[in-house]
Amino acid sequence: MANAGLQLLGFILASLGWIGSIVSTALPQWKIYSYAGDNIVTAQAIYEGLWMSCVSQSTGQIQCKVFDSLLNLNSTLQATRALMVIGILLGLIAIFVSTIGMKCMRCLEDDEVQKMWMAVIGGIIFVISGLATLVATAWYGNRIVQEFYDPMTPVNARYEFGQALFTGWAAASLCLLGGALLSCSCPRKTTSYPTPRPYPKPTPSSGKDYV
């Protein structure tokens, strides 16, 4: 039987990772303007996310522009969007499935093996969700690095990693760790031995058998 405390810990970690994926997807700070070179503008901060680009003035005023055209976006941004949304949807499914398999829940109490398998399946879905988030954030981060060191990119058009990217990496790690802990609920196979057959006891011989 799996440890109920370890199972609950995995569920909490994976759920926190799922929430972190939602926060990372919604935040606009996936990449922030790099203050490198001679043309440094400290009066404003420029950052960009999956859905919009924003400019924050030193006065506290923030102006954001939503990406209107889907076809006008680069392939990296479109793929990152898709992977993050897929990861969030998979995480939602994993929460429902693993909740049924939790020992603290009363669902499927009559069949403990099936209940444990539900927790295992939920953990596997959490792992897949974490991998989708990890691939999305790593792909986007790699694009930022390539553009930063590209000599053809102007100095005033270079960006660095934003807070949302770090949030996505942390969320992916939590989903992977929590999903792995839930997957440890896999029921072990028990070796069954055949039931020994009772043999009749030999009857003691009596003197009547001899003449």
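In case you wondered, yes, glycine gets a Cβ from its N, Cα and C as well.
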(message) Please check, using only what Swiss-Prot records about topology, whether LEU77 lies on the same side of the membrane as GLN146.
(response) yes
(message) Ranking 8-28, 82-102, 116-136 by the number of C-beta pairs under 8 Å to the transmembrane segment (164-184), which range is first?
(response) 8-28
(message) Under 8 Å between C-beta atoms and at least six apart in sequence, can you list the same-chain neighbours of CYS54 (disulfide bond), or say none if there are none?
(response) PRO28, ILE46, TYR47, GLU48, ILE62, GLN63, CYS64, LYS65
